[in-house]
Amino acid sequence: MGKRAALATYDKEFSFVSPFVKYLLFLFNLIFWMISLVLMSIGIYARMMKHAEAAMACLAVDPAILLLIVGVLMFFITFCGCVGSLRENICLLQTFCIFLTMIFLLQLAAGVLGFVFSDKARNKVSEMINNAIVHYRDDIDLQNLLDFGQKEFSCCGGVTYTDWSQNMYFNCTTDNRSRERCSVPFSCCLLSKDEAVINTMCGQGMQELPFLQAGAFIHTNGCIDKLVNWIHSNLFMLGGIALGLAIPQLVGILLSQILINQIKDQIDLQNYNLQHRTDPWQ
């Protein structure tokens, strides 16, 4: 009788749910949940610091909006993972797993399509850069991003330096009365380390000069070709970054599936015990 009672007690205390898997998944989601809060905070702060008219001018190219969207999406997904793992809630865990799988597949599809349809991807990037040039003076974050890209890749404009004529301030038409008419931003300029005083107006009137003459003062090649060449030269590094992004997603999918199966087994065990409570030894 004592042995039967001990076995019954063991059955009640036994659980298919592994505490290691449960709390590892919770910690995994907690880390990314905190990262999502940081991204959301940065996005909201950057958005609130802009003027209302600038905020409405270029929503499609605003880095702050991009940060905010990524932060909100991460917040929702990791919240489902945190609560689902802690409360052993199958519905929340399945939601977490489905969204994570969808994001992983979309990233994989985007990478494959970008490689297969490289010409269309190039045209899309060119369209984004041209749109950013048009709104260069409307958004300080976008301005800093473009300036950083032009300095980093030693380039100017999308295809060539005359692309800056698409901007209303740098436009080279005769009816443009802007002081920056026919100019390019300072980030296009060739800088010499020997110069004691930096000429911040070195891009003034450069669009009126021929290609070879302008090349003595500014970078004349566009950023699209430089970006494509950089991608081809750093395929292994980009592949490593893609793998680094994919591994946490695959780990999250695997852990959530393991935990879901364990919870289902635990529910089956509880249902079995409820159906067999007629044991006379209990």
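Our numbering is plain: 1 for the first residue shown, then up by one each step along the chain.
Quick reminder: no glycine exception, Cβ is built from N, Cα and C everywhere.
TrEMBL annotations: computationally assigned, not manually curated.
Residue environment of Cys188 (disulfide bond) contains 25 other Cβ atoms, counted within 10 Å of its Cβ in all protein chains. Taken from TrEMBL, the feature disulfide bond applies to Cys155-Cys188 (among others).
Taken from TrEMBL, the feature disulfide bond covers Cys156-Cys172 (among others). Non-local contacts of Cys156 (disulfide bond) by the CB criterion (under 8 A, 6+ apart in sequence, same chain) comprise Gln150, Trp164, Val184, Pro185, Ser187, Cys188, Ile218, His219, Thr220, Asn221, Gly222, Cys223.
If you look up TrEMBL, you'll see 20-45 (among others) marked as transmembrane segment.
What TrEMBL lists as transmembrane segment is 65-86 (among others). Residues 22-23, 25-26, 28-30, 32-33, 35-44, 46-47, 59, 92-93, 95-96, 99-100, 103, 252, 256, 259 of the same chain, all 6+ positions outside the transmembrane segment (65-86), place their C-beta atoms under 8 angstroms from a C-beta of that stretch.
Under the heading transmembrane segment, TrEMBL lists 92-117 (among others).
Beyond its flanks by at least six residues, the transmembrane segment (235-260) meets 17-18, 21-22, 24-25, 28-29, 32, 81, 84-85, 88, 90, 93-94, 96-97, 100-101, 103-104, 107, 111 of its own chain at Cβ-Cβ distances under 8 Å. Taken from TrEMBL, the feature transmembrane segment covers 235-260 (among others).
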Residues from the same chain, set at least six apart from the ends of the transmembrane segment (92-117), whose C-beta lies under 8 A from its own: 29, 76-78, 80-81, 83-85, 242, 245-246, 249-250, 252-253, 256-257, 259-260, 263
Positions whose Cβ lies under 8 angstroms from the transmembrane segment (20-45), at least six residues beyond its ends: 64-75, 78-79, 81-82, 85-86, 88, 96, 248, 251-252, 255-256, 258-259, 262
Alpha-carbon distance [Cys155 (disulfide bond); Cys172 (disulfide bond)] in Å: 19
Neighbour tally for Cys155 (disulfide bond), based on other Cβ positions within 10 Å of its Cβ: 24
